[in-house]
Amino acid sequence: MLSTIQPPRYLSRFPLRGRTKSRSFHILSSAQPVTKTCFAADQSQILSIRDSLLNRHLSAVELTHSYLDRLKQTEPHINCFLHVSDPDKVLKQAQDIDDKIKRNEEVGPLAGVLVAIKDNICTADMPSTGGSYILEGYRPPFDATAVKRLKDLGAIVVGKTNLDEFGMGSTTEASAFKVTANPWDLSRVPGGSSGGSAASVSARQCVVSLGSDTGGSVRQPASFCGVVGLKPTYGRVSRFGLMAYASSLDVIGCFGSSVADTGILLHAISGHDSLDATSSKREVPDFTSQFTYASSLKSRPLEGLRVGLIRETVDAGVDSGVKSAIEGAAAHLEQLGCVLKEVSLPSFSLGLPAYYILASSESSSNLSRYDGVRYGNQASSDELNGLYEESRAKGFGSEVKMRILMGTYALSAGYYDAYYKRAQQVRTIIRKSFKAALDENDILISPAAPSAAYKIGEKKNDPLAMYAGDIMTVNVNLAGLPALVLPCGFVEGGAVGLPVGLQIIGAAFDEFAKHKCLLNGFFERNL
């Protein structure tokens, strides 16, 4: 039975009805004892839910009611969602699952699992705005492939989460509709652009969520919100139905409260898709088949694992508290048997300018479709050029306009070689440097961000300072590699401290495979 979930420490300010003293979030009140066949909630909420449903210790309707109550209670304070699914419809789906179980019919592996979807991922039965006025009220006629696969496995979509407009930002402050707060400290940002998805898992408004990662938009908010965030290898997950920002960098990623949950979610959405020419035809391994439970671990379970700490990520510019947390995590990995050494990537600092040139250039092309004719809300005008100008001027926010202008400039005649072509050359250098480092090390580690969550509004008027916060993550997108972020410590801030995330980088398509590190949970249980 799924009995209690331990949330971030701040959640005592949002007690459930009738509970004002407990710091734990009880999602059900059943008299049934926990059985030996159950999975611990700190290992996997998804597996615990499935076990509880199949053993009739919990109904999908009871579970759904608990999460919906939680969402209703916390949402006015946090603002994770741009659209919440109709509760009656959600409960009807839960009832259908309960009815199937009563009839001893097979239910999907994600049956009863409430999933939140970032609002730049298309859903057929609810709005998909990309966080932009230009798509306000837009309802796609189809589900993104990742969403369809989740639904086919029994997952219930609880709503669409807030984001920086079209994924362009690091705080959700660039959203056209609202700003999401960090559940650990409501005066701070949750990170971005997938801030709504990360905060919804952190606040226990859903079980897991989907985000998108172009330059760190899953990993940075995972660090800020104290949850697990996974960016898969480029091509592992279909991008069909993901609103394009920078097509050669965009991936759909996963959030969960455990490594196991992100692995289950990734397995559900991975695989080749004929609707996306960039999706890989590689066989998808079962990321969940070799999960190792704490009771079976040896005293040094990571014996011989080669871990490279990227030197450039703990140099000047990184907050002392973050640096201490990462160094503490690295020291503990040594105690678990890892062979740790520093690795230098001299090209690491070149990634940030190269990323913003490439991403802005691709966005200037991708966002040309939002012209008031083919896509987007249409402004009134007497002639065509005026219609384009008015529709885009009113529909796009300042951050999107700035990046379109930057990208158009970098691609213009006379500047293409100096900017775009050179950025592509830097990208090649970065790929080679990561390959060389991963040939000598099983994984690489670094902070997920140079600081913990900062105050809302603190960097809104200083875009260069905000962009600098992506320095730890953009190189991974340029190289197309998988990376996992999980909590590894705290720094001072807010009422109870602020979480710090450790970034673990693997070789391409090695989310689990030979090293058994990104998704097996060793780190999660020991950091």
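Backbone N, Cα and C atoms are what each Cβ position is placed from, and that goes for glycine too.
Unlike curated records, TrEMBL annotations are generated automatically.
Pulled from TrEMBL, these are the features on record:
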| type | residues | note |
| --- | --- | --- |
| DOMAIN | 62-511 | domain 'Amidase' |
| ACT_SITE | Lys118 | active site, charge relay system |
| ACT_SITE | Ser193 | active site, charge relay system |
| ACT_SITE | Ser217 | active site, acyl-ester intermediate |
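A map of TrEMBL features onto the structure.
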residue: Lys118; record: active site, charge relay system; Cβ within 10 Å: 32
residue: Ser193; record: active site, charge relay system; Cβ within 10 Å: 34
residue: Ser217; record: active site, acyl-ester intermediate; Cβ within 10 Å: 35
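Recorded residues Ser217 (active site, acyl-ester intermediate) and Ser193 (active site, charge relay system) have their alpha carbons 5 Å apart, per Cα-Cα distance. Taking CA atoms as the reference points, Ser193 (active site, charge relay system) and Lys118 (active site, charge relay system) are 9 Å apart. The average per-residue pLDDT of the prediction over the domain 'Amidase' (62-511) is 95, rounded to a whole number.
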